[in-house]
Amino acid sequence: KASKKMKNSLLVLICMILAIGTCGGPLLTRLYYNNGGERIWFMSFISTAGCPVIFIPLVLSFLRRRNRNNSENIEKTEIVLMETPMFMASIVIGLLIGLDNYCFAYGLAYLPVSTTSLIVGTQLGFNAIFSFFMVKQTFTPFSINAVVLLTAGTGILALRGGDGERSADVSHKEYVVGFLVTLTAAVLYAFILPFVELTYKKVRQQITFTLVLEMQLVMCIAASCFCIVGMLVEGDFKVIPIEAREFKVGGGSAFYYMLILMTGIVYQGLFLGAIGVVFCASSLASGVLISALLPVTEVLAVVCFREKFQVEKGVALLLSLWGFVSYFYGEFKSGKRIINKTQLQETELPPLPVSVSAVA
């Protein structure tokens, strides 16, 4: 009972961290762009630059395993659990994450946070499609309905949402390109999720929380290296000190670097929070929580940056929420049906053997 209570307390804490990361990351990135920041590759790098934080739970996990092995008279405790196939897959996924981070940072440079959140929210529909082909996930009427609704919401934004909310320093071409690049980020992220799930199924290792953390660390390092190459090509390392001195808010360099540090920490909170919810509850719970935070992010964007919220954006939000509810309701019904079937099989008594004497 005490262990369950502790796990529930941990889940509450992790949910708070995930909420801060989901809502705070885009807002801090937008604050950077609004006050003179222009380095897109740099902001892409910041999304995963906080990955050294993962070393903390990994070290704690190693110490726990070593103590357990010492008590069982096992001399060798492996520092790294990951084998070569998972390591190589993690690098590939990490490079895709780096590209996805760039697309997301590019979109935030030219689109309002509220619009970006709505577009990225369509990844749920694309995820259903990729999951069908990659991990053989079956379609239901609810998931099909979600795909249609999310696609319709994105279409409304594409046709009607641009000119009314586009800021004066963003051209129509930049807005359209930003919209398409953000949509690419949603599609790419939707592909990455089933790719990770497929990796779990294909590797011949028992998937533990420690192994998941190792995989996430490798992915983050690969994504960060990908973005560092982009920073080198664009000359970001030469421009960043100048950009820091000319930052419009907070009195210059000190606030600039503090903002960058906070952004990296918040995004890493999003990363670790999503993993933590999966560990303490389920991947469905993690997805539901992130989706439920979508309206919160939009409201905060309107309040903090006075973004416009036209009728078209409201309709798109309504369709997106409808799609989320439809998708997760279908998943809930499917999961409940599986649980009920399993419980029925467990409670059914095996048939009694018929003795010869009873027949006689």
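Each Cβ is built from the backbone N, Cα and C atoms, and glycine gets one as well.
Annotations in TrEMBL come from automatic prediction, not curation.
What TrEMBL says about this protein:
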- 1-24: signal peptide (SIGNAL)
- 40-63: transmembrane segment (TRANSMEM)
- 84-109: transmembrane segment (TRANSMEM)
- 115-135: transmembrane segment (TRANSMEM)
- 142-160: transmembrane segment (TRANSMEM)
- 175-196: transmembrane segment (TRANSMEM)
- 208-233: transmembrane segment (TRANSMEM)
- 253-277: transmembrane segment (TRANSMEM)
- 284-303: transmembrane segment (TRANSMEM)
- 315-332: transmembrane segment (TRANSMEM)
Counting only CB pairs under 8 A, let me know which of 84-109, 115-135, 175-196, 208-233, 315-332 has the most with the transmembrane segment (253-277).
-> 208-233
Which of 84-109, 115-135, 315-332 shares the most C-beta pairs under 8 angstroms with the transmembrane segment (208-233)?
-> 84-109
Which listed range (40-63, 84-109, 175-196, 315-332) shows the maximal number of Cβ pairs under 8 Å with respect to the transmembrane segment (115-135)?
-> 175-196
Per Cβ pairs under 8 Å, the stretch of 40-63, 175-196, 315-332 packing most closely against the transmembrane segment (84-109) | 175-196
Same-chain residues at least 6 beyond the ends of the transmembrane segment (175-196) with CB under 8 Å of its CB atoms are 93, 96-97, 99-100, 103-104, 106-111, 115-116, 119-127, 129-131, 134-135, 137, 154, 157-158, 162, 166, 215
